[in-house]
Amino acid sequence: MKVCVLLLVPVLLSWVESRSPYQAVLQHSRIRGRAQGPNVCAMQQRKGTDKKYFTNCKQWYHRKICGEPTVISYECCPGYEKIPGEKGCPAALPLVNIYNTLGVVGASTTQMYSERAELRPEIEGPGSFTFFAPSNEAWAALPTELLDALVSNVNIELLNALHYHMVDRRLTSEELKHGASFASMYQDLHVHIQHYSNGVVTVNCARLIKPDQHATNGIVHVVDRVITAISNTVNTLLDVDDDLETLRTAMAAAGLSTMLEGEGQYTVFAPTNEAFDKIPKETLNRILGDPVALRDLLNYHILKHMQCAESIVSGTPMETLQGSVLEVGCEGDQMTLNGRAVVTKRDQLGTNGVVHYISELLIPDSAKVLLELAEGSAVATATQLFVEAGLTPPSDRI
């Protein structure tokens, strides 16, 4: 018996290590829900919202997501359903085609629009597809003018939009690897996958809220927003917005524009013109005139990986290109940096990353002079005395 156990341990460890972060979180939810019956998963829902998450260990014990308390509910794990009079969710969902699956997983609006756009025969018939299906709430949240434009031209615009949510092969959550992209069925324009260590999976920054809903001719992943095709790089996004003119000029001066035009996965916390205007003129001019300080300043606003807003469920230190860390977190529905809700617009997607607009400029210590480092510190009073005595050279940068 001992020999069998010893042989099994490496196999079990290998299986645990090979699971995706999403599968690990799903397994934790199963463990927390097992007292309710077979195939029951524990879910955590943020109070006052409709946002639910499969629970991980940290969230379970803190009973909070994004600083807000959560309500625990128990639901059938993906692929299972209840039977009247029996405990838990003992029955596997019957396999039907993708069109019919949409109707039972909270994507009936996508099902309705699929029929209007004459997509139904395709997703009822033979083949093997992955459908990132917007939930009913996702369609309801779409701006009215955009929704009207889609449904007024169902045979072209709506059909194209739906095809962009589809991939011409079956992709489970295990195959949705972090940083992967797949050609959609709309002009082969790619959809971009992020699979984060906390179990959150996104496609074009839309969160998969009901992954792995299997069908006879593919698989459905229900997502929390309607996604749109992207074709511009991050640098192009910065280049076309007048609200980012100062940032654009600074990036060009620091020689960073080329980097954001090329390959990679970046997150840019983009200060608006107004953010730059909040900085004292002499401080801003000093930084703009110092190539080293300017590069440090801008690199402090860039992460060398793609961080979608929906992936943030707690505060996490993240290293910037400058080498220092930012505490990226959330407070309710707001994304925060270093504990402050300075992010004003989120998830502006490019082919090589994402841009979040911020209302304040972030200045790292390496771009500050001695006096600026001392401000707000324990030596602030003594520093002021030196200033009044004319003993502090304003250009002494660390």
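Cβ atoms are placed via backbone N, Cα and C, with glycine included.
The signal peptide feature in TrEMBL is assigned to 1-18.
When pLDDT values are averaged over the domain 'EMI' (37-91), the model yields 93. Under the heading domain 'EMI', TrEMBL lists 37-91.
Residues or ranges marked as domain 'FAS1' by TrEMBL: 92-227 (among others).
Look at TrEMBL and you will find 231-362 (among others) tagged as domain 'FAS1'.
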**Request:** Count the residues of the domain 'EMI' (37-91) that DSSP assigns to helix (H, G, I), to strand (E, B) and to coil, and report the three numbers in that order.
**Result:** 6 helix, 24 strand, 25 coil
**Message:** Summarise the domain 'FAS1' (231-362) as counts of helix, strand and coil residues per DSSP.
**Reply:** 47 helix, 39 strand, 46 coil
